[in-house]
Each structure stands twice: as structure tokens, then as C-alpha cells.
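Comments concern the structure below.
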Amino acid sequence: MAQQYQPGQRWISDSEAELGLGTVLAQDGRLLTVLYPATGETRQYALRNAPLTRVRFSPGDSITHFEGWKMTVQQVDDVDGLMVYHGLNAQNEAVTLPETQLSNFIQFRLASDRLFAGQIDPLAWFSLRYHTLEHTSRQLQSALWGLGGVRAQPIAHQLHIAREVADRIAPRVLLADEVGLGKTIEAGLVIHRQLLSGRANRVLILVPENLQHQWLVEMRRRFNLQVALFDEERFIESDATNPFEDTQLALVALEWLVDDEKAQDALFAAGWDLMVVDEAHHLVWHEDKVSPEYSLVEQLAEVIPGVLLLTATPEQLGQDSHFARLRLLDPNRFHDLAAFRAESENYRPVAEAVQELLDKGRLSPAAHKTIHGFLGNEGEALLTAVNDGDTEASARLVRELLDRHGTGRVLFRNTRAAVQGFPERKLHPYPLPCPDEYLELPLGEHAELYPEVSFQAQPDASEEERWWKFDPRVEWLIDQLKMLKRTKVLVICAHAETAMDLEDALRVRSGIPATVFHEGMNILERDRAAAYFADEEFGAQVLICSEIGSEGRNFQFAHHLVLFDLPSHPDLLEQRIGRLDRIGQKHIIELHVPYLETSPQERLFQWYHEALNAFLNTCPTGNALQHQFGPRLLPLLEEADDGEWQALIDEARTERERLEAELHTGRDRLLELNSGGAGEGEALVEAILEQDDQFALPIYMETLFDAFGIDSEDHSENALILKPSEKMLDASFPLGDDEGVTITYDRNQALSREDMQFITWEHPMVQGGMDLVLSGSMGNTAVALIKNKALKPGTVLLELLYVSEVVAPRSLQLGRYLPPAALRCLLDANGNDLSSRVAFETLNDQLESVPRASANKFIQAQRDQLTPRINAGEDKVTPRHAERVAEARRRLAADTDEELARLTALQAVNPTVRDSELDALRKQREQGLAMLDKAALRLEAIRVLVAG
């Protein structure tokens with residue numbers, strides 16, 4: 001053994017290939033010292049079993065001098081144990097290169113190089129690489145890519161909007177669903193799908209300051225998007241020249257940005273592909289004056305290609321405000337308010353005619369005349385068929401009208417009336433006597449709405465004299481929880497102090513298991529509290545939340561909600577109820593409202609219930625009514641005679657009923673049909689649920705965990721604990737936490753246990769693990785023994801995996817047309833390709849591992865025979881590669897031509913189709929076809945099989 005090592009020889013580490021070429025420094029007794037100049041690392045190995053492979057190049061190989069020039073080897077000499085290579089450089093001149101002068105940065109990543117360098121991987125890794133290629137290809141071609149990985153129940157209208165918008169180049173749309181229909185999820189799906197497809201790389205999210213945390217939680221928990229929250233402190237403390245350039249997704253409060261010109265300059269300079277603006281209806285615009293917030297968003301919309309505006313419904317906004325949002329998206333199309341009003345008025349009769357067709361299945365003469373006037377003579381045949389009772393013609397007519405809808409491509413608005421699946425609400429009021437201690441409190445802002453806060457804030461308040469010892473709502477709550485026994489109950493109150501005090505009260509006075517959730521806790525602490533509440537067996541019966549602390553959380557596995565106090569605005573009340581009242585809630589929402597009699601609490605309850613009807617139904621008019629009656633409401637809460645109070649209630653109720661009638665009359669059923677997807681969303685839901693039921697992902701991930709040295713153990717039903725083992729292969733594996741994580745593949749489990757990672761094909765752990773496999777050399781060589789009686793012992797089969805590789809920007813999405821699926825070739829001794837007759841899994845079941853040392857000896861002995869067979873493999877698969885590229889070109893051309901034809905025809909009748917959109921699509925087609933023409937065949941992996 002000792003004689004095989006000579007100072008100056010080049011060896012490569014079998015376990016640390018990333019170190020580059022090593023140089024033998026010394027052999028001292030039983031130790032061997034090797035320097036790796038590329039990294040400056042030195043390693044000492046036991047002489048008997050050093051994990052090293054001798055680097056030997058052969059004639060035909062291309063090698064690199066440490067100064068950077070290359071040569072093609074023609075002859076190799078062994079001079080005193082050192083290799084000397086002779087050959088030709090790039091200028092075709094004869095050169096000599098001793099191995100001591102080889103580049104230190106050579107790494108054997110090509111399959112053939114690694115095979116002959118003795119870097120042979122475990123058999124399981126080869127299978128892992130093959131399956132990674134197959135799964136990657138399938139996902140890139142899937143219509144669900146970017147839609148199925150969200151931690152939420154798949155809902156038809158959300159999926160339809162997400163696919164429709166995210167598949168556009170630089171989408172510019174208004175998302176105006178009614179409250180509770182999931183605009184934030186729709187926006188997150190669009191962001192996620194655009195990022196995965198490469199259509200967007202940098203995203204800016206502008207939100208009101210009070211919604212920053214909610215967005216942060218939603219994007220991280222639901223979509224695994226690592227959003228950077230920017231505020232003044234972070235901006236000032238950053239060492240970067242432009243702090244915004246360091247992040248892919250920035251979450252910024254609009255209030256701060258408007259007041260900080262330096263931050264504005266940095267934001268404009270950073271460059272963005274997509275901008276999302278929440279609560280866009282708060283951007284004030286009038287023909288003669290605009291707010292600073294509106295002006296800033298308008299300037300950003302001029303330079304950022306994609307824009308998503310999340311806003312209240314057009315009916316709530318009013319026509320002028322609605323126009324203001326649309327002109328942010330397309331100022332050329334929406335430039336004249338008067339013209340927009342006229343166009344909207346002209347379109348209203350058409351929407352009413354469609355309503356008639358949908359409700360009655362036929363058209364009256366007046367409706368027929370209206371639609372004929374809108375479509376012209378080209379619609380006559382369709383109208384005749386509709387009148388003859390042709391249901392297919394009715395559907396076609398609706399589609400024709402949808403295409404011509406003035407804002408149908410830029411505005412998406414779903415309503416609760418059109419979307420089914422919401423639960424019923426049941427109200428349980430509990431009037432309780434107001435204690436004397438509260439009657440003596442000084443008046444202050446909302447003091448009598450939240451008397452416990454005022455009581456505890458008194459200078460002379462003592463620890464012994466806690467408010468929860470005399471407040472009847474606490475005794476009532478304890479009794480209510482005992483009656484409900486193990487039923488999960490969510491309690492929401494306005495202030496964090498109240499929430500923490502209530503937890504103390506329940507612990508001291510009842511022993512009922514409770515946990516608290518407030519804005520003073522970090523995300524990890526909130527996750528633990530939410531998980532404790534969600535645990536059916538050992539968890540808390542009650543979760544007590546503050547107003548702010550519960551933002552962005554979903555507790556719909558519970559259906560009992562206690563409103564310990566009432567918020568000062570109807571929108572906040574709707575947000576509270578919305579924690580449970582969501583699509584997919586399977587139970588009636590039981591609303592428990594305790595309040596103190598003859599106090600402002602009682603009057604606020606009456607205001608919400610009798611005037612706004614805000615407990616039993618959503619209240620789209622709440623904001624308008626609060627704005628209209630707020631100045632009169634607040635003084636009357638504290639002191640007014642009953643007659644004056646009742647007059648206000650009656651007046652507000654009448655105004656609400658009038659506004660609701662207006663909203664109903666103004667409903668645009670055609671727009672609702674377009675926003676709902678007319679059945680397309682339902683098909684996506686079905687496909688996602690079917691994908692959820694498959695076992696391919698858990699099976700694949702187990703092999704991935706085994707390969708990378710990740711230990712997995714059962715946590716509970718449908719859940720696993722992952723931890724790095726001592727043999728962890730790569731510390732960069734995206735486990736998410738060095739200490740370990742808990743995961744589930746079950747969507748329902750993930751919805752109730754936010755402390756668990758929801759693993760789907762889109763999860764960063766899955767995508768990152770697959771990238772580690774394919775971006776490196778892992779599993780691209782293997783040697784195995786094949787047990788098959790039909791093969792003569794000693795027969796050598798060669799299995800080669802190729803991929804059709806196209807180097808192109810991700811935004812072109814060429815992976816959809818030419819995915820990296822393996823082109824497999826199985827060569828026998830006579831050069832015949834057996835791959836079509838012997839499937840991969842069939843072959844895999846017949847294989848046994850070979851010790852690495854034995855495998856290496858065999859490969860070195862067979863090198864001269866294997867090299868020409870490897871070269872012959874490319875000739876075998878080249879025709880299949882050419883067919884695959886031709887099919888990719890055909891599909892790309894067909895898809896883009898079809899979309900161009902559709903949009904061109906649409907543009908003729910609907911000016912919201914922008915010229916820039918058509919130009920971008922034509923450019924994408926041209927670039928895509930040009931890139932596909934350059935697609936090359938690459939050898940991905942080699943497996944040598946020896947019959948035994």
C-alpha cells in the first residue's frame with residue numbers, strides 16, 4: 001500500500017468532492033497528508049483505508065492547467081509515479097502538462113468523469129436521481145403547479161382567479177371579492193405561481209401598517225414565502241446601499257413610505273416585477289385632487305409591469321372610486337371618468353338581460369333586443385338558438401358577452417351570494433348586571449366599552465383587587481365553558497391585557513385548560529399556543545385572543561366564538577367572526593355575546609344587531625354606515641334618552657336596508673360568472689384533492705431523507721418528526737430548523753396544526769432537496785450486480801440516463817414543453833437498446849449493491865470497453881431527443897398561437913386587452929422557439945450492471 005502514494009500525486013476525496021483536486025504532501029508511518037489547494041484545506045487519512053481515488057486522465061479527455069489554459073490529452077506517461085500528459089492546446093500546439101500543474105478546481109461532476117475517477121455512488125442514489133427527474137418533469141407540466149401547495153382548503157373561485165391571473169404576462173388586475181372570500185389567499189396564490197414559473201422574480205407588497213403582521217403570517221404560514229418586513233428602523237439600520245435590493249419579496253407599510261422620500265427613491269431604484277396593494281380603496285382620488293398615497297402607488301404602477309390591487313367591492317366604493325382603481329391599472333384605457341360612467345350605464349341593461357337568461361332560462365323580447373343591440377348581427381344566430389331552447393347556445397352567448405365585458409379581464413369580484421359553502425350564524429346574547437366597581441370609573445375614550453382596562457389602570461389598583469374577581473362576564477364564561485365541556489371555544493377581546501388576565505382567571509378560578517394569543521408574543525410562541533388549542537386529545541379547551549393577535553389566523557376547526565367585548569368598528573367585528581366563518585366551516589357558528597346592562601356595551605350590542613344586522617350576516621354596508629352615523633353614535637353610547645337612541649337605531653336600519661337594496665340591484669351577474677370560473681375552478685379543486693390522496697410524495701421523501709441522513713420518526717397520526725442525524729450528508733439540506741421539524745402530508749392536519757410543516761411538491765424542503773440532487777453529482781454513477789438467470793454470468797449491461805437540456809430564462813417556462821424527464825438507454829453487450837422492453841422498476845428489483853472498492857477495480861479494468869459503449873449510447877437516444885424537441889416546439893407554437901388568436905379576437909371587442917400583452921406573448925413565442933432549437937442532449941447518469 002505504501003508505495004502507491006508519492007508526493008505531488010493528485011487524488012480526489014470520495015466523501016468531499018467539493019474540495020477539488022488534492023495533492024499528496026507526505027506519507028508518515030500510517031498517516032497520509034493531503035493538501036486541497038482550491039480551499040486551503042489539509043486532511044490526514046489512515047493509510048490503510050483512505051477514502052481517496054487516484055486522478056488519471058486518458059487520451060481524448062480535456063484537462064485544465066492551473067493558469068486556466070486547456071489541452072486535449074493524446075498520450076500519458078508515468079514518470080516516477082507521477083502522471084505527465086501530452087497533447088494539443090486550443091491553438092492546436094503540442095503541450096505537456098505534469099499532473100502537479102493541474103487546475104486545483106477540477107471537480108468530477110460529469111457522470112463519465114466520476115465513474116472513471118472511481119467516484120461511485122450507492123445504488124439507492126441512482127434510483128433517487130432517476131425519480132427526481134421524473135417527479136420534476138411531472139410537476140413542471142402540471143396545471144396545478146403553484147396552486148396545490150398552499151396551506152388552505154382548495155376553493156374553486158380562488159383557484160380560478162389565481163390561474164387566470166398568474167398565467168398572464170405582467171398581470172394588472174383588481175381583486176374585489178366580498179369580505180371572507182379570501183382575497184389575500186388569491187393574491188398569495190398569484191405571487192406563488194408567478195414566482196415558481198419565473199414570470200416574476202421580485203415582488204413588492206404595500207399594505208396599511210396595521211395589516212403588516214397579518215400579511216407576514218399569511219405569506220409564511222400558507223405559502224412558505226419568506227417575506228421581508230420593511231419599516232423605518234430596518235431601512236435605517238441596513239448596511240446595504242439599497243436595502244430593498246437584498247430581498248426578493250418586500251412587505252412595506254404605505255404610511256411610512258409616503259413620509260420617507262429616501263425610502264421611496266430606494267424603492268423605485270430597486271426594480272420590481274409585481275406590485276400588490278392591499279386595501280386599495282383607501283387610496284383617495286378625485287378628478288381635481290389625489291392623496292399622496294394614491295399618487296405614490298400611481299407612480300409605482302407606471303414602472304412596475306404587474307399590479308394587483310386588493311379592494312372592497314365596486315358597489316361599496318361607488319363608481320368614481322372604482323374608476324380611480326381601474327386607472328391605476330390601465331390609464332390609457334380608463335382616462336375619462338365621464339366616458340366610464342356612460343359605458344357603465346350602457347352595459348347595465350346587458351347585465352340585466354343576462355340575469356334574466358340565467359334565472360329563467362330564456363330571454364324576453366326586451367332582453368333579446370338589448371343583447372342584439374350589443375352583439376350586432378353576428379349574434380343573431382346565437383340568439384335564435386337560445387330562443388329555441390338550446391342550452392349550449394345559452395352558455396356560448398354568456399361567454400361571448402363575458403369577452404365583451406368592459407372590465408371583465410381586469411376586475412374579479414365574487415360575492416357570498418354567488419359562492420356557496422358559508423355556514424349559518426346563530427346569536428346568543430347574555431345581558432349581565434354591571435358591577436358597582438365599574439360605575440365609579442372616570443369617563444375616557446371607550447372607557448365604558450372596556451371597563452376592565454380602565455379599572456386596572458387606576459393608580460390605586462392593587463394586585464389583590466383584580467377586575468376578574470367581580471366582573472360577571474368572567475363567572476359567566478367559566479359556567480359556559482363547563483357546559484360546553486371539551487368543545488373548543490375561541491374567545492376574542494379588544495386588549496392583550498384583558499386576554500392575559502382572563503387566562504389567569506380561568507387558571508385560578510376553574511382549572512380549565514386555556515392558552516392565550518396576543519400581539520406581545522412572537523410568531524413561535526403564537527404557533528405553540530395555536531397548536532395547544534388545536535390538539536384534540538391533550539390541548540386547551542379555550543384560546544383567548546386579543547384583537548390584533550388573532551389577525552391572519554384560521555381557527556375554523558372551532559365553531560363556538562365568545563365575543564368577550566365588542567370592537568369599536570363593524571369591520572373589526574367582521575374580522576373576529578371571520579376567524580371561524582369561512583368557506584368550508586362544517587358547523588353553525590355559535591356567537592356568544594356577554595354584555596353589561598345599562599352600559600355602553602349594551603348599546604353597542606344593539607347598534608351592531610338591530611341597526612347593522614352584523615352578527616347574523618356579513619355587513620358590506622358597515623363601513624359606510626359607521627362613517628355616516630359615527631359622529632352621532634359615540635356620544636349616544638354613553639348618555640342619551642331611550643327615545644333619541646331608538647331614533648338613531650331606526651334611522652340607521654332604514655339606511656342599511658336602502659344600501660343593501662342598491663347593492664343587490666347593482667350586482668353584475670355576468671362579472672360574477674367570469675370571476676367564479678364557470679366550472680373551471682371546480683375541476684382544479686378535484687384535481688388537487690386527487691393529488692393529495694396519492695402516496696408518491698411520502699414515498700419519494702423517505703428515499704430523499706435516507707439519502708441525506710435525515711432521521712424520521714412518528715410524531716402522531718399523519719405526522720412525522722424530522723431530525724438531522726450524525727451522518728447528515730449535506731448541512732445545506734433545507735430542513736428548516738437545525739434541531740428538527742414536525743411535518744405532515746395531510747392537508748386537514750396542517751390546517752389545524754400550524755406548528756407543523758405542510759409538505760407538498762411545492763414546499764421549499766421538497767424543492768430544495770430535489771435541487772440538491774439534480775444540481776450536483778449525487779447518484780449519477782452506480783455499479784450493481786444483476787441477478788437474472790437469462791443473463792450469462794459476467795455479462796455487462798450499461799444503463800444510461802440522458803436529459804434534453806435547454807438553457808433559457810425561467811420566465812419562458814420551457815420546462816412545461818421540454819421537461820428534464822430521463823431519456824433512458826439500456827445497452828447489452830451487442831449494443832442493442834433494451835430500455836423499451838425492460839422498465840426501470842423491473843430492472844431495479846433485480847439489482848444488488850457492490851462494495852465500492854470492488855466496483856472501482858471492475859470499472860478501471862473495463863474502462864477501455866466501457867468508453868466506446870458510453871459514446872454509442874448518445875447515438876441511440878439522439879433520434880428520441882430530436883422527436884422530443886420537435887414535439888416541444890409544436891406544443892409551444894400551438895399554445896401561444898391559440899392564445900394570441902384568442903387575445904387578438906378579444907381585443908377587437910374589449911379594449912382592456914393591452915397591446916403590450918400581445919407583444920410580450922409574441923416575443924415569448926419567438927424566444928422560446930429559438931431556445932428550443934439550441935436544446936442539447938446531456939448524459940445525466942451511468943449505471944454499470946454485471947450479471948452474477
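Backbone N, Cα and C define each Cβ position, glycine as well.
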Matching range for Swiss-Prot feature annotation, motif 'DEAH box', among 138-141, 278-281, 378-381: 278-281
Residues from the same chain, set at least six apart from the ends of the motif 'DEAH box' (278-281), whose C-beta lies under 8 A from its own: 174, 184, 187, 205-208, 211, 215, 297, 309-312, 316-317, 321, 325, 328
All-chain count of other Cβ atoms within 10 Å of Gly180 (ATP binding site): 17
Fewest Cβ neighbours within 10 Å, where candidates are the binding-site residues Asp177, Glu178: Glu178
Cβ-based neighbourhood (8 Å from the centroid) of the ATP site, residues Asp177, Glu178, Val179, Gly180, Leu181, Gly182, Lys183, Thr184 excluded: Glu186, Asn414
Fewest-neighbour residue among binding-site residues, criterion Cβ within 10 Å, set Val179, Leu181: Val179
Number of Cβ atoms other than its own within 10 Å, given for Lys183 (ATP binding site): 23
Neighbour tally for Thr184 (ATP binding site), based on other Cβ positions within 10 Å of its Cβ: 20
The motif 'DEAH box' (278-281): DSSP-derived helix, strand, coil residue counts: 2 helix, 0 strand, 2 coil
